[in-house]
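Asker: Shown below is the structure under consideration.
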Amino acid sequence: MHSEKLLLRSRAKEQRKKFYNSFSETELLKLQQCISWRVLDFFKFKPSDIIAGYWPKSDEVDPRPLLENLSQQKHEIVLPIVNKGNNVLLFRRWTPHSPLKIGLYKNLEPFENQPTFVPDVLFIPLLNFNKQGHRLGYGGGYYDQTLAALKKIKTITTIGLAYDIQHVNQFPIEPHDEALQWVVTEKKIYNFSEVI
């Protein structure tokens, strides 16, 4: 299964990159805004909700406009921190003006002086997602272990951000894989909360 998933990840990365590169900068901006607007229009977050985003890498869906909007609505926004030797992510405060540092996997993340929070809502990047809401990630297991740990503490809402071409019928699932409740693309909102 490991080698099969490696091949699937490689293909998914190529497909997403090809899709991303087929648009001009202006078209990409419209695509990202469309996803952000769908989220803001559909989901009604509580004022007290702590919202976790991510800093986009290369051709991932860029959640920054969405996070900036939610920050203006006075939500506490946090970004994930990868800790060496620990597969459960930490989440530190982020504001649109926060300086960031390069983290363990070349991800940009908040500095150590920012407080940590336990999020209520998580926006999650992915390579593919299937009809049951499972995501194909990058293989580190960080989100799977983090979601499992968070669910023991509180009720959370998980929202994948993707392009519609990342929706596939099936791929191998392992017992530790955590399904998402929702995925938002430029075309629609997928509700998996009744499938889970």
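Yeah, the Cβs are placed from backbone N, Cα and C, and that goes for glycine too.
Okay, these came from TrEMBL:
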- K5, L6, L7, L8, R9, R135, L136, G137, Y138, G139, G140, G141, Y142, Y143: ATP binding site (BINDING)
- E60: substrate binding site (BINDING)
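A description of the local structural setting of each listed feature is requested, covering burial, neighbours and distances.
Answerer: Taken residue by residue with DSSP, R9 (ATP binding site) is part of a helix. Neighbour list (R9 (ATP binding site), Cβ cut-off 8 Å, at least 6 residues apart, same chain): L127, L136, Y138, G139.
Secondary structure at E60 (substrate binding site), as computed by DSSP, is coil.
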Asker: List, in sequence order, the same-chain residues at least six positions removed whose CB sits under 8 Å from that of E60 (substrate binding site)?
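Answerer: Non-local contacts for E60 (substrate binding site): R16, Y54, P125, L161.
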Asker: L7 (ATP binding site) has how many other Cβ neighbours within 10 Å of its own Cβ?
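Answerer: A 10 Å sphere around the Cβ of L7 (ATP binding site) contains 10 other Cβ atoms.
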Asker: Using other CB atoms within 10 angstroms as the count, which residue among the binding-site residues Y138, Y142 scores least?
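Answerer: Output over binding-site residues Y138, Y142: least Cβ neighbours within 10 Å is Y138.
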Asker: When DSSP states are folded down to helix, strand and coil, where does L136 (ATP binding site) land?
Answerer: strand
